[in-house]
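According to Swiss-Prot, the features are:
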COMPBIAS  337-346  compositional bias 'Pro residues'
MOD_RES   Lys66  N6-acetyllysine
MOD_RES   Lys110  N6-acetyllysine
MOD_RES   Ser296  phosphoserine
MOD_RES   Ser299  phosphoserine
MOD_RES   Ser348  phosphoserine
MOD_RES   Ser358  phosphoserine
MOD_RES   Ser496  phosphoserine
MOD_RES   Tyr499  phosphotyrosine
MOD_RES   Ser520  phosphoserine
REGION    1-334  region 'Interaction with microtubules'
REGION    494-616  region 'Interaction with PDE6G'
REGION    552-609  region 'Interaction with FASLG'
SITE      Lys166  site 'Mediates end-to-end attachment of dimers'
Amino acid sequence: MSWGTELWDQFDNLEKHTQWGIDILEKYIKFVKERTEIELSYAKQLRNLSKKYQPKKNSKEEEEYKYTACKAFLSTLNEMNDYAGQHEVISENMTSQITVDLMRYVQELKQERKSNFHDGRKAQQHIETCWKQLESSKRRFERDCKEADRAQQYFEKMDADINVTKADVEKARQQAQIRQQMAEDSKADYSLILQRFNQEQWEYYHTHIPNIFQKIQEMEERRIVRIGESMKTYAEVDRQVIPIIGKCLDGIVKAAESIDQKNDSQLVVEAYKSGFEPPGDIEFEDYTQPMKRTVSDNSLSSSKEGKPELRFGGKSRGKLWPFIKKNKLMSLLTSPHQPPPPPPASASPSAVPNGPQSPKQPKEPLSHRFNEFMTSKPKIHCFRSLKRGLSLKLGVTPEDFSNFPPEQRRKKLQQKVDDLNREIQKETDQRDAITKMKDVYLKNPQMGDPASLDQKLTEVTQNIEKLRLEAQKFEAWLAEVEGRLPARSEQARRQSGLYDGQTHQTVTNCAQDRESPDGSYTEEQSQESEHKVLAPDFDDEFDDEEPLPAIGTCKALYTFEGQNEGTISVVEGETLSVIEEDKGDGWTRIRRNEDEEGYVPTSYVEVYLDKNAKGS
């Protein structure tokens, strides 16, 4: 099968067909280009997706990736990044091995096609020229033959006419002979041109056109083969990255199999374990029996020798407000909301054995008053986060991490010690290097001046000493915490028993539960006595504030036991300091022994105000 023999007369159709073939090739090139753009865009989107979910440095997200599930997710993100890289490889290989190669081949193909069809048109024009010469020779031969016939007929007519002179007859004969010769010459020329045309025509249809069409056929077949090879390359480019993509997927599977739910659960314990023991049982509070309260100086002195009783008067406030100084807390509160009780009817205090009772006051007013200082929270959590909650709002973290639970504090301190030790080791290595360099300079002065290293060596030595002092400080705190952790169960039980005696359940829960719902914590100092549970770290924030000054004195006219929150018990005849006079609500704020503060009914005391203090 040959286009030269089978399609010898389809020159124009072959020209259209070969142009269509080039268009198909260019269409395939465009397809591959768009595929490479898709691969690049897909790879870019995958990389952006992987980058988007990568943990940010020095953020809370980075700490979350200690869990195996998060580590597996991080591995998945990294594998997806490599996966995106393989799609970039696909794009690059398709561009270099297919697109660029085919574009160059298309240019060569267009040039070859143009040359072949140029040769075809040239041969076609040549045969057309030969045909025109043949037609011209044929017409000339035909014309000469006709003129020769007419000249012969004219001669015969003149020769037969007796009236024509002999000269005219001779002239007609000569003219006929000339025309006859011209016809013979035209015949010979026509014959020669015809023979030549036939030769050219045979060569055109049997040599030139078959050769040209054969070249065009081979060109077209090469184009078809080339596009097939490009399609194979297209598949091979994809196949080459399949093993690497498979490894990426295997990496994701391996990361998924590395997830350990038990390990993650243990990490949660390590991250949030406080080191405390659960609170003890709450004792039954029998309201049918009268509560015993200390109302005399003798009971006050006796309570110092032994374990103090739990009272609702001034002494009990050390238990009610374990995290705040007395004067600071009381400065936040107003006088009791209900009116004070009237003085007893009997002039003698002994006529009223138990003294007048101030009206029962619900627990809610105190919470309302305390809300002036704190945001609205459930009463059971009223004082849990008072210390650290304020420090968090102020953005302040104690250097010794005392706002963390014991276990978490120990981990923070241990981490700080490890960091300092690493810095010390780094500075020590630098000092050793400088020392060695100085020794080299001493042995070989031409290499450098040893004195030039003295200042640097001094700075490094000072840094090491500073870091060691810092490390010793944190190691001391760490030793303190580690020494305190084993005894925390006994301490927790002691504190639980201490606050179980309180009748105010809200305050009891606040004292036992040190951790607020938002995770803040106030650490207890185990060295403090049982009857005075305070938070020194929180107290330090108010050390710069002085207690309210006394503006006068007062003498108790009647005994007042002060059962309600915010009140203080007094004994008839007792002298106390006045720190806030009656605001018109019937209550006067007093202080006893620079330690206890509270409100008493104004009618129960006789007030002697200091004029200078009042005026100021």
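Quick reminder: no glycine exception, Cβ is built from N, Cα and C everywhere.
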Three-state composition of the region 'Interaction with FASLG' (552-609), taking helix and strand from DSSP:
3 helix, 31 strand, 24 coil
Is it possible to get the count of other C-beta atoms within 10 angstroms of the C-beta of Lys110 (N6-acetyllysine)?
15
Average the per-residue pLDDT over the region 'Interaction with PDE6G' (494-616) and send me the rounded value.
65
Reported as an integer number of Å, what is the Cα distance between Lys66 (N6-acetyllysine) and Lys110 (N6-acetyllysine)?
63
What three-state secondary structure does DSSP assign to Lys110 (N6-acetyllysine)?
helix
Least Cβ-crowded entry, counting other Cβ within 10 Å, from the recorded positions listed as Lys66, Lys166:
Lys166
Taking just the CA atoms, what is the gap between Lys166 (site 'Mediates end-to-end attachment of dimers') and Lys110 (N6-acetyllysine) in Å?
77
Using DSSP, would you call Lys66 (N6-acetyllysine) helix, strand or coil?
coil
